[in-house]
Amino acid sequence: MATDMAEATTAAVLEKKDNGVMPEEKKLHVIFVLGGPGSGKGTQCEKIVENFGFTHLSAGDLLRAEIKSGSENGTMIENMIKEGKIVPSEVTVKLLQKAMQESENDKFLIDGFPRNEENRAAFENVTGIQPEFILFFNCPEEEMLKRLLNRNQGRVDDNVETITKRFRVFSESSLPVVNYYDSKGKVRKIDAVKSKEDVFENIKLLFAPFIQEKEEVEVGSLN
Ligand code: ADP
Ligand code: C5P
Ligand code: MG
């Protein structure tokens, strides 16, 4: 199953080569990581990176870095984030695509993306990439609210007013994307209310197909 998807992705990337969209030979494994704000996506992505050799690309982190870089889109992105709104896909897809092109890795966790149908369609049209599966963090709002208010990362959007807006955007725009992938049998749902360690125990099972590749990396690094 995983192999079939990887082949499909490779073929799609190859088709796009004449547009210079992606390097010709890159065989990519892409997993979309979705779930409400504060459900623990970033926390678990770090663990997956350490254990399975993926590169973590958080769309939110890339957008915040774009603001800091002094980009011409910076003010627009900042205003959207403060309002909990979804930044136009053109901007976000470009940032994700650039990060994938600059990476030497072929395994990516794309976290917090696609947030709406426009994100999903734009990524597919521009890169031709289909995700292998969707890692979905299921968490009630009450728990997410508690976590966000304790996050303490100085984020402009971790306040009750913006969080309320982000929850609404998640239900109205992001959940339909999860349902779309669910109808294709691609969603792997995780109970995100458990402890960080227990959540990761469940995630590990889904990443079993990638264990072999991690061992190869370890053996390689000894030589
Ligand atoms: P997301 O990326 O989905 O918005 P984060 O990974 O940033 O969420 O987690 C939000 C906050 O909740 C962080 O402060 C994090 O340490 C905490 N957190 C993450 N997972 C858990 C968990 N399973 N139990 C309790 N707190 C958690
Ligand atoms: O995923 P994260 O919580 O870091 O996202 C923070 C904010 O970044 C979102 O509320 C949204 O304003 C913006 N964002 C976006 N499009 C994405 C991901 C994040 O506009 N695909
Ligand atoms: Mg996050």
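Including glycine, each Cβ sits where the backbone N, Cα and C put it.
Per TrEMBL, ATP binding site is recorded for GLY38, SER39, GLY40, LYS41, GLY42, THR43, ARG151, LYS194. Classification of LYS41 (ATP binding site) by DSSP places it within a helix.
Under the heading ribonucleoside 5'-phosphate binding site, TrEMBL lists ARG64, LYS85, ILE86, VAL87, GLY112, PHE113, PRO114, ARG115, ARG155, ARG166. According to DSSP, ARG155 (ribonucleoside 5'-phosphate binding site) sits in a coil region rather than a helix or strand.
If you look up TrEMBL, you'll see ASN119 marked as CMP binding site. Annotation for ASN119 (CMP binding site): spatial neighbours ILE86, SER89, THR92, VAL93, PHE113, VAL177, criterion Cβ-Cβ under 8 Å with sequence separation of six or more. Under the three-state DSSP scheme, ASN119 (CMP binding site) falls in the helix class.
Straight-line distance linking the Cα atoms of GLY42 (ATP binding site) and GLY112 (ribonucleoside 5'-phosphate binding site), rounded to a whole number, equals 9 Å. If you count neighbouring Cβ atoms within 10 Å for each of the binding-site residues SER39, THR43, the highest count belongs to SER39. Put simply, GLY38 is the one of the binding-site residues GLY38, SER39, LYS194 whose Cα lies nearest to the Cα of ARG64 (ribonucleoside 5'-phosphate binding site). Here the Cβ of ILE86 (ribonucleoside 5'-phosphate binding site) has 20 other Cβ atoms within 10 Å, regardless of which shown protein chain they belong to. Residues from the binding-site residues list (LYS41, ILE86, GLY112, LYS194) with a C-beta closer than 6 Å to any atom of ligand 2: ILE86, GLY112.
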